[in-house]
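Some notes on the structure that comes next.
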Amino acid sequence: MLLSVVQNHGLYHLSYVLLVLSTLSASVVGQTCMNYGETSPSNTSSCLCPPGFGGATCAQPGCGGTIFDGSNRSLAQPSTSSSGFANLTASDCTCESGWGGVGCNVCTTSSACQVAYAAVNGNASATSGLDGPTGLNDTMVCNTAPTVWAASELSCQVNNPTLEALYPLQSTLNILRTLNSSLSPLHNTSGTLLSPSTSSSIYAQLMYAGVEQFFCTASPCTQTLSNTTTSSGNTTSSTWTCQNLSCTCIQNATFCGGVPVSNLTSTIDGLTGTLIVACDGTNTCHFQQDTINSVFGSQGLSMEGCVFGECVTQAVIDTTNATSSGAAASGETELSGGVIAGLAVVGVIIVFGLVVVAWGWYVQRAAKKLPFNGGQSGGIGVRWSDISYIVQSSKNSPSSLFSKSTIRGGKIILDSVSGSIESGQLMAILGPSGAGKTTLVELIAGKTKSGQYTGSIAFPPCAPGHHPRVAFVPQSDVLPSMLTVREALTFAASLRLPEALPASSKAALVSAVISKLGLDGIAETRIGATDGTGRGISGGEARRVSIGLELVGCPDVLVCDEPTSGLDSVSAFRVVNVLKELAREGGIAISHQGSHGHRKGVAVICSVHQPSSRLYHTFDSVHLLSKGRALYSGPGGLAPAQYFMRMREGGRAGADVLPYEEGYNVADYLLDIASESPDIPGMPLSHNAVGEIGLSASSEEKADGGKDVEALLSTQNLAPGTYVATFLTQLQVLCGREWKVLRRDKTLFFTHVCVACVLGVFCGGLYYKTGLTIAGFQARVGCLFFMGSLIAFSSLSALYNIVEIRPLFLRERSNWYYSPTAWLLSRLIFDVIPLRIIPTITVCTITYWMAGLAHDAVHFFKFLLVIVLYTLVMTLFNFLLGTTFRNGGIAILLSALSALYQMTYAGFFVHLASIPPVLRWLRWLCPLNYTLEAISVNEVSSGLMIKDTLQGVPVNVSATLIMQLLFGFGLNNYYRDILVLFAFIAGLGVAVIAMVWLKVRERR
């Protein structure tokens, strides 16, 4: 991509972009004195110049002599070959013995310093007039190490292939580093200016072919020293960090308009900010500034063949601590603000997690210490009066979507239905399809309904304010397929029984339920898929397991919706017999010590579609519905047939009642009446069962002081549910189940890992050992983009898992097993980590090292951090879709479209700056954009350099420049992107929790 740009725009633009940044640093301080000289107080027509420069305006570099000569030093003269600029090369300057560097400013021997100083100052002490201690060793020495004690000169060659292709002659950088001018013997040199106000500073000049091109200064500065052990021994490195960088380009010099095609004046004059000059013991230095780093890499402009020289007294070296007077002699590196912010966020999260765990542990211990009053229950009857239920018609006006709906205009499902049952009885609710059987049992069980309903339900003889435990067995068996029968019942017992009950007592209760339901032979058998797609227990056994899940909660009333549907006659009769036994004898009561006995009878209500004659006579009472009306409610057996025959004989409205033939299945007869004679009058509540089975209990209720409590039906549940187990117990039990599922369904985990390995090898082979050319850099970013896109699409499996497990969650939540938050945390631990994060780390690790990306541990783990965060973002996003839409197809479609949107706005295919502003704002909502930017910045910050040749011009520039040109990524945006991804995780996490709490609930 970049190659085509260069070919289209020509070498001129490439040269401009690259050399715009090969500059250094300085800014004009005055109109008269150059090189940051100052007007002499004694002679306003002359300037005090930095060491190595002189003349009326400090524009002429020294030529020969020594830095102690000051204003008397010989200077390089202007040359016509260099457009009138002073030229060291044309002046044929030669250095005296013991001096070197361009301009002869760098001492090489101690004797050279001593001779030069004596030549100017005679026998005067080298410490005379200095701020250093007196009476110590004042021997002048030449410090040739990178460390600066007072004021040190250095001279380096600038060798860069790209720079040399455009400027083929020799470029040299001279730098004067002044730490404390008051300690330097140059302090009193005539006509010499070390640094303004004696502060620590840097002066720098770039010389090209012996002619000064521009000059820079920066102040104040700090010096950091570090010791490095190499094969040649211990060496000291010096790093100077200076503020307030200012640079000035010399007008009409080669770099500054002398060659119009590459006039760098505005760029050089615009260099500001922080300047870093880092030198090591191998005679190599790096000139670093943000703009320069963006071109030449994170280490800045490299300088080779550096020579260091500082004339200083031994007393200064012996007594001066390099960490004082603005210098810091430390090898430690301060943490950046982004790192500190990230650590603070992580610390807050860890502390918050520990506080939550500690609080949960405290609440759990308190719950286990509560007194347990045994598991006695039962003895509760049910009476419902004038139950009406209406579903709003779909033809309502759109305004009904935004206002509270009314009962008018809807479809009537139940119309003033009344009935009752006492404890110990088994009732069958009969009626043809659409009669309202399921609606009635759901209302009795207190299930949330979407329609409007009125009426009342009472549970005599409950005390005021107490609502009995009503268990509901739905028509379909939704069971955990990977658990055994005993494990499923134990799971329910752990969450539905008080924590004060010991685990041994809960296990005894589970065993008793298994025996009572006749499940001993399959107790250790996995349940399997109940939809026939997998092997497991039979349909009748699954139905009994569903009943058992409710029995472990010790219910007072048991409501079953068509428990015999889908079963053969033998299995159906076995299930109903179990219900009959439960009604008569009650469930299993368990004491604190673990002993068990019989409870009081339980009221059992079942809706039955078309029972056989044998099955019908098992029921104690019958409730017949037809088109939402109750035609009969009373004793079972032949009583319903006799009731309708008496009605037929009475004439009037009962004349249309079909006759009953002796020996005919009573259940079929009742269904015939409900289907063919639906307009006959219903049985009044005062007449039903009062004289025959005494279910009215009116006298008992009066004697009981009116202790019944009627639950008036509204749009809310009949009984506000509460969780029996504490949050920590819920999480522990859920995690235990998820671990069993993951351990048994090994194919799920190993398939994810194996696919990740295959994809990692494929992607790594596709981008194997990407080169350092421009095309190679494009391949690197392409590899990073491919991994991000792969994560976006592979996270679709998280959505499918949510859709698949949703029915089980709805059933367990409606029965108040656990809170949605505990369920989400368990999914996070046992779905996100093993099935999302581990495979993602696998594929990205294989690809990372095969592609030859930044090969140090720091950048690798920073890369993994971004990848893991993006995986969490996409997983939570798919969780949100899976919980928002019941239709999995819609959720998958939206997830795929969002992945395509992210690929568009990631910044790889389209430069974001080229997108029209009306659409450009969408980039801020694209997690992949932040991910790709963070991992790309992490890659180029490793010091990645592009080495290529374009139209014969060698290119050796930082990958940062290419990244900014092609993709527009910000060099300092890594930690910002990390925080944005954390914000996405937090926002999506809150949205998922809110959606699960508010929307993913059973609504019938």
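Note that Cβ sites are derived from N, Cα and C of the backbone, with glycine treated the same way.
Remember, TrEMBL labels are computer predictions, not curated facts.
Taken verbatim from TrEMBL:
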- 382-652: domain 'ABC transporter' (DOMAIN)
- 1-30: signal peptide (SIGNAL)
- 339-362: transmembrane segment (TRANSMEM)
- 747-767: transmembrane segment (TRANSMEM)
- 779-803: transmembrane segment (TRANSMEM)
- 824-851: transmembrane segment (TRANSMEM)
- 857-880: transmembrane segment (TRANSMEM)
- 892-915: transmembrane segment (TRANSMEM)
- 978-998: transmembrane segment (TRANSMEM)
Sequence-remote partners of the transmembrane segment (824-851) [C-beta within less than 8 Å, at least six residues beyond its ends]:
731, 734-735, 737-739, 741-742, 748-749, 752-753, 755-757, 759-761, 763-765, 767-770, 780, 783, 787, 790-791, 794-795, 797-798, 801-802, 860, 863-864, 867-868, 871-872, 875, 879, 992-993, 996
Which stretch, 857-880, 892-915, 978-998, tops the Cβ pairs under 8 Å count with the transmembrane segment (339-362)?
978-998
How about the transmembrane segment (779-803) and the transmembrane segment (978-998): do they have 3 or more C-beta pairs under 8 A, pairs 6 or more apart in sequence?
no
Look over the recorded stretches 747-767, 892-915, 978-998 and say which has the most C-beta pairs under 8 A to the transmembrane segment (857-880).
978-998
Long-range neighbours of the transmembrane segment (978-998), counting only residues six or more past its ends (CB under 8 A):
338, 341-342, 345, 820-821, 823-824, 865-866, 869-870, 872-873, 876-877, 879-880, 883-884, 927, 930-931, 934
State the residues, same chain only, that lie 6 or more residues beyond the ends of the transmembrane segment (747-767) and have a CB under 8 A from a CB inside it; answer 'none' if no residue qualifies.
779-780, 782-783, 786-787, 790, 797, 834-835, 838-840, 842-847, 849-851
